[in-house]
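Novice: My structure is below; once you've seen it, I'll send some questions.
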Amino acid sequence: MNDTIAAVATPLGKGAISIVKISGNNALNILKQLTKKQDFTPRYAYVCDIFSNNILLDKALAIYFKAPYSFTGEDVCEIQCHGSPLLTQNILQACLNLGARLAQAGEFSKKAFLNHKMDLSEIEASIRLILCEDESVLNALARQLKGELKIFIEEARNNLLKLLASSEVLIDYSEEDIPSDFLNEVSLSLEKQIASFKDLLDFSNMQKQKNKGHALSIIGKPNAGKSSLLNAMLLEERALVSDIKGTTRDTIEEVIELQGHKVRLIDTAGIRESVDKIERLGIEKSLKSLENCDIILSVFDLSKPLEKEDFNIIDALNRTKKPCIVVLNKNDLSPKLELEVLKSHLQIPYSMLETNTLNSKACLKDLSQKISAFFPKLDTQNKLLLTSLAQKNALENAITELQNAKNHLETLELFSYHILSAIENLNLLTRPYETSQMLDSMFSEFCLGK
């Protein structure tokens, strides 16, 4: 980690500006040779000519950040040049020719971590912030990058250290009875701490589900209007629509966004009794999709009375016990479907929508609202967020240890053991891992210039 490294810090491609970043003991010397300028005041921007082997490459902006007051904690130099990919690579190559090494993925951030400029929670936040596509999460990630998760964990750790110290004092005077007020006070303190951890964990789990996307299966018997519904929601002809039964023989998946939530639409084969082997396989996949989805859109044909196939679908819906939106299609035709019978057989949470123009704006707006009603309401204001499986596992283990400690309040040695184990798990959220392999895995998610 003592090498001087260099990399392009901006995305590849043409643009107004590209940034070449250098970090290490030799960074300033390399900048001086590139610019043929000897004096750089830290944190001042200089317009400089950039040279390579005495050949002028560009007129650019150069900034020097003196250690330890830089992102990495080392001497850092930035060259903000014109955004030509060829020019940028030539400037980077000039840095390498002068003794810098090409940075590995995430190596700048790794230097920042090892030089105590950032902790693990801030590193995790910066990774997720770069990859984030959900506007509602940006605030939580920005607060984590600012260090608020670290502060939250440090406060919890300090509270637990106080409990541990009190317990150790009582162990030294083990011949005396444990004061009842101590037991009550510690029990309440642990309950409060466990509740705050669970709140963080629950919010993070819900946000993870939101990022993954809600799976929405569209089912119904053949020609009920499933594919028309999918096409209307996508605003394109994604699925083939035909009067011939069994046209859709496999599931079709597409992703849309509804009110800030990612939704995976799954159009399925029409459910009916069939002798066609391929169609039967499609129907089996349709029924399987009900097990794996979060919400169901079940399309019924209002112009036809309920048939055996409809009741088979209703039975399948009831077995899933999942929320359902019942779409009653073709209400412009003479209604023959026994609506009250349908309602009486449904044993799951559902809402209902009638339409015959599945591509109408009013219908789609109504349908979107009904779908969104099933989404969990996430209040992201003033919320912290766990951004990795490692963080989640560490906090879950800490909660388990605190619950164990609460169950052993009257056995101080066991109580202290579980409190100490909880503290060790909290350390994993913000403090260094013991293995370089885990560090390398985490930092490899970054680009070269980060």
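The backbone N, Cα and C atoms fix where each Cβ goes, and this holds for glycine too.
Per Swiss-Prot, the features are:
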BINDING   Lys21, Glu78, Lys117, Lys450  (6S)-5-formyl-5,6,7,8-tetrahydrofolate binding site
DOMAIN    213-376  domain 'TrmE-type G'
BINDING   223-228, 242-248, 267-270  GTP binding site
BINDING   Asn223, Ser242, Ile244, Thr247  K(+) binding site
BINDING   Ser227, Thr248  Mg(2+) binding site
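Would you situate these features in the structure and describe their surroundings?
Specialist: Around the Cβ of Glu78 ((6S)-5-formyl-5,6,7,8-tetrahydrofolate binding site), 22 further Cβ atoms fall within 10 Å across all displayed protein chains.
As a whole-number mean, the pLDDT of the domain 'TrmE-type G' (213-376) in this prediction is 74.
Asn223 (GTP binding site): 22 other CB atoms within 10 A of its CB, across all protein chains.
In three-state terms derived from DSSP, Ser227 (Mg(2+) binding site) belongs to a helical segment.
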Novice: So of Lys117, Lys226, which of the binding-site residues has the fewest other Cβ atoms within 10 Å around its own Cβ?
Specialist: Lys117
